[in-house]
Amino acid sequence: MCCEKWSRVAEMFLFIEEREDCKILCLCSRAFVEDRKLYNLGLKGYYIRDSGNNSGDQATEEEEGGYSCGTAESHDSKGIGLDESELDSEAELMRSMGLPLQFGRITAHKDFEVSMNTRNKVKIKKKKHQKKYLDEIVQESWRKEYEEDDILASDDPSSIEQYENTRTYELQSKKDTETENPPVENTLSPKLEITEKWEKYWNEYGGGLLWQSWQEKHPGQALSSEPWNFPDTKEEWEQHYSQLYWYYLEQFQYWEAQGWTFDASQSCDTDTYTSKTEADDKNDEKCMKVDLVSFPSSPIMVDNDSSGTSDKDHSEILDGISNIKLNSEEVTQSQLDSCTSHDGHQQLSEVSSKRECPASGQSEPRNGGTNEESNSSGNTNTDPPAEDSQKSSGANTSKDRPHASGTDGDESEEDPPEHKPSKLKRSHELDIDENPASDFDDSGSLLGFKYGSGQKYGGIPNFSHRQVRYLEKNVKLKSKYLDMRRQIKMKNKHIFFTKESEKPFFKKSKILSKVEKFLTWVNKPMDEEASQESSSHDNVHDASTSSDSEEQDMSVKKGDDLLETNNPEPEKCQSVSSAGELETENYERDSLLATVPDEQDCVTQEVPDSRQAETEAEVKKKKNKKKNKKVNGLPPEIAAVPELAKYWAQRYRLFSRFDDGIKLDREGWFSVTPEKIAEHIAGRVSQSFKCDVVVDAFCGVGGNTIQFALTGMRVIAIDIDPVKIALARNNAEVYGIADKIEFICGDFLLLASFLKADVVFLSPPWGGPDYATAETFDIRTMMSPDGFEIFRLSKKITNNIVYFLPRNADIDQVASLAGPGGQVEIEQNFLNNKLKTITAYFGDLIRRPASET
């Protein structure tokens with residue numbers, strides 16, 4: 001019998017002033033129940049009880065074509081339902097007259113939630129696809145690198161040349177395959193294209209990124225210029241290379257999917273300005289080097305300081321791979337010469353050399369060259385990537401060279417300013433003025449609680465602060481669609497105006513066009529007849545001749561208000577035309593008198609007959625629809641009190657067996673607990689521990705008492721009003737559990753010291769419906785008797801107390817009932833996604849997390 005949907009939302013610690021060590025733990029939970037079917041039955045005015053648990057479902061499905069049931073079933077626990085929990089007399093009157101109570105679709109939130117779920121599923125599917133695609137790229141890259149490692153491990157230049165030729169042949173064969181097989185292009189071409197772009201990107205920026213990260217990991221240390229060759233750092237370097245490689249590959253894939261593109265910088269081709277080196281380098285401080293590294297674990301460096309016997313091999317390798325590195329001055333001069341000879345009108349343009357890398361947020365240095373593979377550097381400097389000018393592949397060698405160094409070339413222009421990398425805000429990032437931690441505030445505003453400044457229980461001073469830890473994800477989003485009786489912030493609606501000052505174009509309805517044509521056809525004989533009648537009746541109807549179209553409208557479409565209100569223009573035009581006909585066509589009256597009556601009779605006979613047939617069909621349909629429907633009017637005692645009308649519509653949600661003889665007094669209509677909420681509370685008490693006796697200190701007409709008895713517990717029902725005791729006994733007999741309840745007419749404040757029970761249920765009077773108008777409900781001053789006093793007396797009976805309170809009760813006062821260092825669970829009771837009440841549980845009734853039990 002417990003609620004189907006119950007969740008633990010948050011834990012809130014309340015710290016007492018001057019006693020920070022004695023904090024009170026407040027467990028916050030939410031319970032959701034629904035009774036839309038019972039409410040719909042109350043609106044229909046009858047109730048049929050069957051043997052099943054879903055009472056009244058069959059009757060609801062049979063009547064109204066299953067409308068009410070369909071409406072109820074279309075709302076789940078997360079949807080936004082009609083404002084059906086509380087209907088005033090005016091709304092009830094509007095509903096009975098068939099007028100709408102609201103505008104817009106009821107299922108707006110459900111449609112929004114379905115669309116959000118679909119969007120989330122698509123995002124998850126895309127992420128899985130990207131991850132799978134990335135894994136395939138990783139596997140292929142590893143396989144290729146291992147193959148390159150096996151070939152480059154040997155010093156034989158012929159094997160390297162053979163490998164380069166094989167690689168070129170493979171790429172060419174792949175391109176040919178893509179050209180020959182267009183259908184396979186969708187699966188192969190994106191992968192090949194992304195791989196090539198990534199290789200270009202990594203060859204251009206990878207070295208700088210590796211070396212910069214290596215320096216950040218080892219600050220203040222004397223770094224080796226070749227950590228990949230140093231035995232102590234070789235293994236660490238390989239791990240460092242692998243981590244950064246796959247990290248930036250993933251980032252590259254992500255940013256490329258977001259629409260970013262990578263274009264290698266334009267510069268002269270390497271082969272154009274590759275110059276022959278001479279053996280008599282006099283002042284070469286930085287020697288020519290060759291980068292043959294494709295895998296970090298096997299770097300191969302060729303230095304021109306080696307013996308003369310290996311110079312020939314070096315030259316062959318340089319010609320085969322074209323990975324040449326000169327010192328900065330020679331490269332600059334070679335660039336200027338080759339670019340001038342290659343293209344007469346092409347000149348080196350000075351551009352900013354600091355470009356932002358989308359994937360890494362890094363930028364290439366400005367000191368005369370681009371970043372390089374850090375494992376291909378041979379300098380003894382601690383920052384070799386920043387000072388060398390080499391490239392890691394022949395295809396990209398000497399690309400992206402922004403401008404020449406200051407020694408050669410045109411120095412008339414100043415260097416471009418160094419641009420700082422711009423930080424692009426992602427779509428899910430918050431603005432600077434937004435608070436990123438708004439979901440985790442210390443006030444617990446997302447819970448919908450009310451905090452007041454009333455007196456605390458047990459002499460506790462005010463609470464210094466609160467700490468809230470949310471236990472449920474997306475609390476803000478879920479709370480947004482719950483009606484917690486607070487002001488809802490609506491989004492601003494923007495009205496967009498066109499730049500051109502033109503009149504707005506309204507699309508004309510097809511039905512309206514047909515009606516205009518019909519009226520034009522009908523008004524031709526009617527205007528002539530009206531003119532005849534106006535001349536033969538002593539000008540009595542002269543003033544009304546301009547309204548012939550209106551008279552015809554009433555004869556043709558009697559009762560059709562839509563066309564009369566929305567189409568005034570045709571009437572005006574027709575009146576003007578009819579007046580013109582009276583002045584200009586008087587001489588044709590005699591000739592038309594013979595034809596007008598025949599046409600008019602045809603129209604006036606056919607149209608009313610069709611309208612009469614439609615009216616009769618509608619009346620017959622309504623009679624069949626209302627056939628066998630039993631409508632109960634308001635009882636005299638309810639009709640005499642207009643403010644009880646809306647509670648009468650909710651009678652089945654108060655007692656599902658209302659028609660079996662349930663009786664209520666005026667105060668009982670206001671104070672009785674809805675049956676579904678009472679059923680949830682009783683079920684929770686019965687499931688907490690073995691409970692035999694429950695005291696209902698303020699039983700009223702027996703709403704909670706009956707539900708406690710239905711769970712099998714014995715109940716002591718107490719109330720000071722003998723009328724309510726009689727009503728509660730009658731209602732218990734209707735449910736057949738009067739033998740499990742002991743009714744006592746007396747004052748709980750006087751009887752508390754003589755009672756013994758396992759659980760005490762407190763639901764004192766809240767002062768009528770006016771309790772909801774208060775911003776915060778003070779449980780000490782706004783209840784009679786005093787809320788603190790009845791709790792103190794209940795503690796003498798047992799520590800297991802259930803306190804049933806209004807939804808706007810002061811949470812600080814409720815928490816203070818637990819005492820310093822104590823615990824309390826405050827449960828919000830939602831009825832059809834609307835916050836109705838809160839229930840405070842003390843003692844063993846608290847549902848603690850599984851880790852604490």
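Just so you know, glycine gets a Cβ as well, placed from its N, Cα and C.
Residues annotated as S-adenosyl-L-methionine binding site in Swiss-Prot: Asp719. Mapped onto three states, the DSSP output places Asp719 (S-adenosyl-L-methionine binding site) in strand. Here the Cβ of Asp719 (S-adenosyl-L-methionine binding site) has 25 other Cβ atoms within 10 Å, regardless of which shown protein chain they belong to.
The Cβ of Trp766 (N(7)-methylguanosine binding site) lies under 8 Å from the Cβ of Ser671, Phe777, Met782, Met783, Pro806, each of these being in the same chain and 6 or more residues away along the sequence. What Swiss-Prot lists as N(7)-methylguanosine binding site is Trp766, and the listing cites experimental evidence.
What Swiss-Prot records for 156-171 (among others) is compositional bias 'Polar residues'.
According to Swiss-Prot, the feature compositional bias 'Low complexity' maps to 367-382.
Residues or ranges marked as compositional bias 'Polar residues' by Swiss-Prot: 564-578 (among others).
The compositional bias 'Basic and acidic residues' feature in Swiss-Prot is assigned to 608-619.
Feature annotation from Swiss-Prot assigns compositional bias 'Basic residues' to 620-630.
What Swiss-Prot records for Ser55 (among others) is phosphoserine.
If you look up Swiss-Prot, you'll see Thr60 marked as phosphothreonine.
Positions annotated as phosphoserine by Swiss-Prot, on the basis of a large-scale study or a structure entry: Ser85 (among others).
Taken from Swiss-Prot, the feature phosphoserine covers Ser89 (among others).
The feature phosphoserine is assigned by Swiss-Prot to Ser96 (among others), with a large-scale study or a structure entry given as support. For Ser96 (phosphoserine), no same-chain residue that is 6 or more apart in sequence has a Cβ closer than 8 Å to its Cβ. In three-state terms derived from DSSP, Ser96 (phosphoserine) belongs to a helical segment.
Among the features that Swiss-Prot reports, phosphoserine is placed at Ser141 (among others), with the record citing a large-scale study or a structure entry.
Here Swiss-Prot flags Tyr146 as phosphotyrosine.
Feature annotation from Swiss-Prot assigns phosphoserine to Ser154 (among others); the stated evidence is a large-scale study or a structure entry.
According to Swiss-Prot, the phosphoserine annotation covers Ser189 (among others), on the basis of a large-scale study or a structure entry.
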